Amino acid sequence: MGSFYSEYLNSSKVLEHYTYTKETLETQETPSRQVASAFIIILCCAIVVENLLVLIAVARNSKFHSAMYLFLGNLAASDLLAGVAFVANTLLSGPVTLGLTPVQWFAREGSAFITLSASVFSLLAIAIERHVAIAKVKLYGSDKSCRMLLLIGASWVISLVLGGLPILGWNCLGHLEACSTVLPLYAKHYVLCVVTIFSVILLAIVALYVRIYCTVRSSHADMAESQTLALLKTVTIVLGVFIVCWLPAFSILLLDYACPVRSCPILYKAHYFFAFATLNSLLNPVIYTWRSRDLRREVLRPLRCWQQAAAGVQGRRGGTPGHHLLLLRSSSSLERGTHMPTSPTFQEGNTVV
């Protein structure tokens, strides 16, 4: 056992595995890869900023300390960390990869797996909460905070275990024939396990939203048409974005499991599929919080403060600060005067689901 883990610090192991699974090795940065890396880093920075604004909005306003918003905050936290992990993954990829030790490689890939897994489990937790809210099941009693924290904690523990299995021993060090082509130090069976778990989660989310749909239709027949359309719109967005973002990555991993080594050239382009899957972390705040008027207003508040500060500075330089501030106040008043009520059935803190 000691000799097995001693290989974790062997700097030649990563090169050995990449030489076995890859047709060519990236020994220097190419212009196309530099452009792709820059784009991915900019995308991840947007993910971090967007989700950080959501976390600040949820934390600073007590109105958003209900079950739904706490789950949204957990989703935002996991998506934010996914953006950070993917930046680190991108910076440590390419030629840098060949200089890593196995433990560094496992940390690089494991952090991305953990955060992306937590994001997926958070989506499942939100689907469960929405089902509870719509079905009006008495799940949260006097100990609701404890139950919510347990559910959130469980999602992170499962994610940590799932992402940490390779570094704990479920890898292919010493067994090159069992190695994944996409992730050359991961065992193919581990890759298949992860894809299976994520697929089951996807099916569970689909099942929950189908049940929500059926519950709404059976419980509110007099308002079925408008409510059903609103529900279908949200469900279509949620499931459509999830499937569109993750299906290519799932497909490439399944192909990786089925293909013998060096027999499927498309596997060498897998990093593009994972970059596309990261878009889910960018779009989650849009789907789950931008449909809430109150949360949207709270998220945009720091941006408005910065806009007011910038306008004040510009006004002092131009000698007409009052003009700029008047425009901002008029815009805010117009917004307050154009708020439309939402359906109470789909409203929990003005959140439409």
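Including glycine, each Cβ sits where the backbone N, Cα and C put it.
Nobody curates TrEMBL annotations by hand; they come from automatic prediction.
Small disclaimer: the values here were computed from a predicted structure and weren't measured.
Between CYS259 and the candidates CYS245, CYS264, TrEMBL annotates a single disulfide bond, the one to CYS264. For CYS179, the cysteine that TrEMBL lists as its disulphide partner among CYS172, CYS193 is CYS172. Cβ neighbours within 10 Å of CYS179 (disulfide bond), excluding its own Cβ and spanning all shown chains: 22. The distance from the Cα of CYS264 (disulfide bond) to the Cα of CYS179 (disulfide bond) comes to 14 Å. Across the structure, CYS179 (disulfide bond) and CYS259 (disulfide bond) place their CA atoms 11 angstrom apart. Contact check: the transmembrane segment (35-58) against the transmembrane segment (189-210) gives fewer than three Cβ pairs closer than 8 Å, residues 6 or more apart, which falls short of the contact criterion.
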